[in-house]
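Just below is one structure, and these are the notes that go with it.
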Amino acid sequence: MYDLLFEEKKQEEMKQFFVNLASSGNIKKYKKKELIDIEGYEFVGIVLEGTVKQTLYSPQGLEKSLFFLKRGEIFGEMDYFTQSKCELIVKAVEASEVAIINKKALEQALRESPKNYEFFIHSMVRKYRITLFQMKSMVFNKSIKRLADTLLRLSYQDSTKKDDKTVLNRIFTHQELAELIGCSRITVTNDLNELKKRKLITVKNKEISIDNLKNLENYLQDED
C-alpha cells in the first residue's frame, strides 16, 4: 500500500528537483513554532532545512495536522495552481529554512521542460492520497489502529533501517501524534504502550522503531 505511494526513487527525484529549484528563490529562516504566513498564492515554498507542518484549525482552536514536510518537499503548490488560498496553516516545527519561489521563476521552470509539471503533480497527488488514508483510518479505525497506520505510513515516508528494525528519522512528540490521528495525548501514550506490549514497536530515547513492518501491516488487517 504505502510502498507504492512513497516509492523511494520517485520521492528522491521530486525532492532533488525542488532543492535545485530553490536557488531561484528567496531564502527565509523561521524559528521553532513560527507561522509561515506569506501573502497571496503566487508562490511555492520549498523546505531546505528543518521541518514544516501544514495544519487545519477549528474555530474552537482544535488542531489536525495533515503533513510534515522536510528537505525537498513543498507547500503552496495547490494554492498556486488553483489561484486561491486554502485554509491550511503552515508552521515551522523546528528552526527551518525555506525558499520562496515566485510566479516568474515557477513559470520559467515549467517552460523549460513540461516534465517538471510531473514533480508538482506528484507532490499534490501524494498529499491527496495521504489525506484519503487519514480520513479512512479516522472513520473506520479505533485510535490504536489509527496510530499503528500512521506509524506505518511515516516509516515509508522517512525512516532508516537499523538492526533489522525500521526507525522513524524524526522524533514525534505524543502531542504531534495526537494531532495527526485526531485524539488526545493521553490516548496516544496508552496506545503506544499497547503496541509495545504487542512487540510491534520499540520506543527508546523517544525514538520510535517498527520491529517488523509485515507484522504491523498484518495487525492492521486483523479484525478488532
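Cβ coordinates are placed from backbone N, Cα and C, and glycine is handled just like the others.
Database features (TrEMBL):
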- 46-127: domain 'Cyclic nucleotide-binding' (DOMAIN)
- 141-214: domain 'HTH crp-type' (DOMAIN)
DSSP-assigned states of the domain 'Cyclic nucleotide-binding' (46-127) in counts, ordered helix, strand, coil: 28 helix, 30 strand, 24 coil
Averaged pLDDT score, the domain 'HTH crp-type' (141-214): 94
